[in-house]
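When I checked Swiss-Prot for this same protein, it listed these features:
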BINDING   479-486, 829-836, 1107-1114  ATP binding site
DOMAIN    456-662  domain 'FtsK 1'
DOMAIN    811-1000  domain 'FtsK 2'
DOMAIN    1090-1280  domain 'FtsK 3'
TRANSMEM  43-63  transmembrane segment
TRANSMEM  65-85  transmembrane segment
């Protein structure tokens, strides 16, 4: 049976009905009467008696003539008596009460008329939505057929009859103090009015199917069926078959009561046929009906009592009183399913009344509802529909079928005018893209329908400039939350994108908040970018601004260059440019750029400077085909400045206040738009300033798209024969074939309309130009950065990451150039900003393009140990941490020696001409310091608050660059960089800072710091000094890639020169010749340059050695004794050795030399030595010439005192030298020891040495004479300081050498007990130090 498609139109507006409040004034009050006291009641009578008595007295006394003055006093008493009697009488007169009562009753009469008018409107509205069943026959084919949609308030509400209902308007009486005081007649009239008018009788009342899952109906069978027919008639008249389905199970299916259902399209089973056409959900067996409905019921969720717009509602009627519904699958409530069961079993007395499963009884023309314990009136006059009337209605509806595009994308307001129907698209899943993108006339370009007007006509949105007949170029849209602003924006975008290729239109969607709907357009070929969530990622807002400025500049330059080429002068607008193309000039097309700035007021709140940007782009964009649609929830005139003045068309959706509505569309209509989801997308369009607002509703495009259903089955009869049309299924004849194609066309998963269209458009035509590059959000692997940079090897340039330049619409490599003035670099960043990782990238990138002989790195790791991962790289000479002070000092020693060596070679700078590197094996050398703050706080004390090595770093920064020595540092604070160093750091990169106020990056005229836009959660992201965002590449240091091993494999046998360390045991032969001349002994190796340390006793004959036990004091004495003895004779050298602990007892001395361990021998030995040395002074009386030629005769005498702190410095208490101190004879000779041939060497413990230097006369004199001092290992906490230097825990034989120079020197003393020839700096040798 073929049917006509019924095209539903906009629903007719029902009669208006108010649901406000009528406030009724309270009745008048009567004052309360309080009885007076006995005295007050008696006092007037007493005064009257007094007056009469006075008059009698006057007459009795003979005063015949009474003067007025005499009568004054009685008159006053009379007035007082009257006042006492009437003054406090609060009783109202009867006339006053009657008058107020009459006024109030007249007032109630007016109120009654108003209430009746409201009640009449309510009844008329109810009768409009729910007319009498007898009127339903006239509805089919009219505009009202199938008028209800899921968003209508009366959707699935079926009229059951007439009943007394509450008045929709609230009646409220003003508060009164107490009802006792009210005037009784007025009060009674008010109560009567309220009791009568608060309800309306005989009003159509319905049953909401969305709120009930099962209805059980009892009563006489004929009446019950008549009632159910009325319900079904109401349902099928007002509801489209796509939103409502009807199913019936009845024993007498072919009888008059139910046979008429077969004509209704609501009972058809989609995709199934029988011998007569569409199969029907009609059966004589409830179980068979359940089997037919099985696929429909299977996936439905449980019943919740809430509307289910996405599901087709099923009304299932089971007319079988004997069927046990509770034991069937229909007993379980399902969403979008209502089961009506005709039952014969009355509920038992204690049965609970379930509001979701009501039990109704039809009796005496009324309907009662079961409440726990008994029946209660439900419908006063139940509707009944005869079988003939139902058959007549069904036959009238049978000729119509629903529009297949009804479901899904058709809203209640636009009705059949969906997105596809407005654009003339039959099936959005099979678009004819070439036809949609076909060239248009200029007046039709950028002109698309986006909804329907209040009269049902398509609303055309014309984006062109008003000079070309459009509404543009710029517009303003305001709509509060829930107004459908996003829905309207998506409708505009989808209409434009579907009908225009990327050669004619490109789009930038900028959403400051980050709505999910914007992402739906990300894959469209015309969409340049969807920029969302700019509130959290402030850098995106900056990129958006730069992109707009850059596109304006790009189009301006393109018009200028093309105009000069074509006509000799620049084109003034894109229109002139297109005219040149039409004239035959070969020019690339310039598409219109449509910018949607959603939530732009929030953007201006955070970035007020962008108001000038929008104003600039809006003014320039008119000629350059850059159109902007500003959208927001509210309008803050103070923030948007002149933006609204640059807009031509206005769109006002539901707004929060009348004032905002007036600002947008000129009237308050946008404020009066009703709230609720059924009114989303309703608004007013003002196409030009001063134009009349046009009410419209945008199409809904964000729903699931269901393609038009094609016939799934075909009936082919070999010999056509007429058949009787019955309600039950009709089996086909043997010669009839039903071909089912369900399996040939599997159903695709549900997809939204936007995604369905976007996928098809992406396969056609060109894509939009890449005006917006992806932001620096994704990690850049170092391998990718190397490939993109295109830097060749041996150029001493390498990429570090990428710089984002949205204004130029490109991303450039961040390249370090070692040969430029920016050869020194500082990376400034806060905690966890990626500083250490940036250094890893720096080193690995350089190593990937250069050999270890071309670049080498020496690292000081104060940043957490990340540089330690590169210590095995062939290009890395050393990685030293804060726990390796010796390696740090040696690193500076190596670099300073390298600098000195290169300074002495004049040809070093000439290497740049041919790209050659110096032949010293280092190449370009980089000192890398991770965390300058930690480095500057290391090796400090209370007198030196900063690391002394900082001065050496500054020297390398300012001098080393010219000699191929570079300094790369990171710091958490720019203040940690010394002033003298800052100018030498040519490349400054700033990562995320803890406080943006510490940033050194500034933009002239900007209201905020660029550092505010650097993301918090992206290490490696930062700014150049030009305020350009960059991102360091990731070094890819993982077990799988292992770049260190891969790079080392490319340079086998090559490595950067390592940092040489002092040996832990220094053999005598490792330093060459030990005796360099008279009194010149090599005692060790210097840390600074690993050169031999020569002890020149001729220049300074005094030597102090301090150190704790087994630090090497005695070993040094042993070396000195052996070296001097092996290179001298007894006539030239003599020794006096004081050795309390017998450590030097086995060292052979010359004959007659003094060796003593006895304390008693010290004083005579010192006296004898003093006499010997005193005798070497020149005799008295010599002339000046004789003195100049005079020298003493004799040997050089070495006085060696081991452990001088063990020798008591107190006077002798007994013996021949009583009162004599041991060192007193010697102290006077120390100042001239060098001239008199005396060499004094003393050793002592480190602990307490600082105290001894102040208390011991001998050591104090040594210190005064600036004796050479060696500080071996000692406890820094207990040993104090010597000449400002503190002891340190050093290995055996390691000492700090203090001379008359400015800085101390670390040395390794020779161990004469080591037999090996030489010990390398990294190898531990066996040997002992004592």
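Heads up, the Cβ atoms here are built off N, Cα and C, so glycines get one too.
Neighbours and distances for these, please.
According to DSSP, residue 482 (ATP binding site) is assigned to coil rather than to any helix or strand.
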Check the binding-site residues 479, 482, 830 for other C-beta atoms within 10 angstroms of each C-beta and report the one with the most.
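That would be 479, with the highest Cβ count within 10 Å.
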On a simple 10 Å Cβ count over all chains shown, which one of the binding-site residues 485, 1109 is most densely packed?
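That would be 485, with the highest Cβ count within 10 Å.
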Let's check the environment of residue 833 (ATP binding site): how many other CB atoms sit within 10 Å of its CB?
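I get 26 for this one.
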Might you list, by sequence position, any residue in that chain lying six or more from residue 836 (ATP binding site) with a Cβ less than 8 Å away from its Cβ?
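Same-chain residues close to residue 836 (ATP binding site) (Cβ under 8 Å, separated by 6 or more) are 863, 864, 866, 867, 930, 970.
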So, three-state DSSP: helix, strand or coil for residue 836 (ATP binding site)?
helix
Hey, what's the Cβ neighbour count for residue 1112 (ATP binding site) at 10 Å?
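Residue 1112 (ATP binding site) is surrounded by 30 other Cβ atoms within 10 Å.
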